[in-house]
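The annotation ATP binding site is assigned in TrEMBL to 114, 115, 116, 123, 127, 128, 129, 181, 242, 251, 260, 261. Marked as Mg(2+) 1 binding site by TrEMBL: 127, 129. Taken from TrEMBL, the feature Mg(2+) 2 binding site covers 127, 129, 181. What TrEMBL records for 625-636 is compositional bias 'Pro residues'. According to TrEMBL, the domain 'Poly(A) polymerase nucleotidyltransferase' annotation covers 35-228. Among the features that TrEMBL reports, domain 'Poly(A) polymerase central' is placed at 233-377. Per TrEMBL, region 'Disordered' is recorded for 534-663.
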């Protein structure tokens, strides 16, 4: 199904994609049609569809996606208390500002909810996104002063903190053990009526931009619920898709995948196209529609309208940067925005590949050839690629680490964009799940977090040697992070970012409890039992992948042997660690029967390759420190160590040195990665080949918000990775 895009200036309408020839624009006189095109099918559900939907509901239960009635009632009770507090506070503020008694009695004020709770798809233990709406005489400063004080007086309130300078200012708290984020919006109204509809565009007049941003979450959520034909079918389908996305590591807005609102809009569009279908059919149609969608044509739930309020809206005709968005999903409430501006060429390729795999699995399910549980089988990210970049962020204390990790994670998409632009890289896939990092020593207090990025390098000709330098790609990313940390006064000594290249067979040394070293023969019985165990999805966030896996990381992580280095030195060597401690048992997630069969065939092929391989020294990887070049002005002190990746090889690459600043930035001891000597690694999977083909057709991601590299970068740890891939 190909859906084309075109733009019209008629009645100042914002960009919309026009339907194909067999579809027509929705008119006001056809209320049964939802969305901007007529439905693809009006077919009613059959008995078999209802049976499959019941089975789907049962398959979801072990994952904790449904909240028990008692817990739901507790949430309603807590929100009721919070709403009462808001009304009392607004009356108190009204009295201090000498409003007439008649106005004070009817001044109102209200708590609205949005996000997963408002959509009715929140999971066990999920937080609640809330909005405090106040009349015009209540200022934002009142919200962050007197209302904050009122919350402090409540014994049920814990962990209270205000983030007043955020892009969307917020008060965070735990109310009776339920996490709540409260935004604030001041409307240009004398009183706030109980039946206020926030979808009214007129409410946005004369509001400051922070209030408009705060209102946006509620307005988008309410519009979505009004634009789907059947809310119950929508909710069950969305629960399914969100669980599938989390299990397949593609649920993270901040890292360039999709967040909760984006997934909700894709599901809502599917519901519009199949208005009478039940959840089992809608899940299948979801994968059908979006595996064939012609990106970057936008997904829209309604005709965008211009309210003449001069607010910036998504419009590639007017805003050049909007033309670079690769997977636009446009919010239905004014001012319309693209909720997926973080998506890159790599993350889109990964998601489209997952859509295609989801379609194949649901085809089997609808033919009774597979169970719904197969859709939620988690693929093994750590067996998918031959090469990985491991990113490590560390800080001296827990509090500093929390801030530091938040900043680093928010910028990882810049690193992915840098890697994508490298002419020798076809795909960079970051795993949204982060992991506790190793400690440099038992004595030193340090908290660290790791992210793992799978990398596909360009395919080489038989006689071609490929020299790949990732130093500048990584260094420009770290410079951006350090610069922002210093500009925001957040940077502290010993806050570090380190990067290293790790091959698939070495990952188990950094993640011993998640990655199983490749074995020639192994039993899958224990793995099958582990995959069948129930999981509790205790978190629900639009910005992170929060589904615990069957192989959850334990509270303590084995420490690796430290490498002596300066305050910003390289991370410990995984090889050194392997030599100093016994190999911990690790668990590999089972794949589908088809995946297991492919792996068995690959393993047989690898065995024969190993038999033909001439004897020789094994190729090992180690990280050894060497002094860095000066990264700032010539007089800047050299306070850090350069990370060097080195491999043993009969013909090592000679070390290169230079004193010029431009060349010094690329100073490194090169590592030779001989592909023939890596015969124990699996060949590229079918998914890798597909994604590589897809990504070559894509434009580069828009990183217009990334500041240029400063003329004098601050002297921090240098992460140098230079590889030679040869055949």
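Note: Cβ is positioned from N, Cα and C throughout, glycine not excepted.
Positions of TrEMBL features highlighted on the structure.
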residue	record	Cβ within 10 Å
114	ATP binding site	24
116	ATP binding site	25
127	ATP binding site	18
129	ATP binding site	24
181	Mg(2+) 2 binding site	17
242	ATP binding site	24
260	ATP binding site	24
Site diameter for ATP, Å, by largest Cα distance between 114, 115, 116, 123, 127, 128, 129, 181, 242, 251, 260, 261: 21
Residues of the domain 'Poly(A) polymerase central' (233-377) by DSSP state, where helix covers H, G and I: 74 helix, 6 strand, 65 coil
Rounded Cα separation (Å) that holds between residue 181 (Mg(2+) 2 binding site) and residue 127 (ATP binding site): 8
Extra residues within 8 Å (Cβ to Cβ centroid of 127, 129, 181), Mg(2+) 2: 115, 117, 128, 130, 172, 179, 180, 182
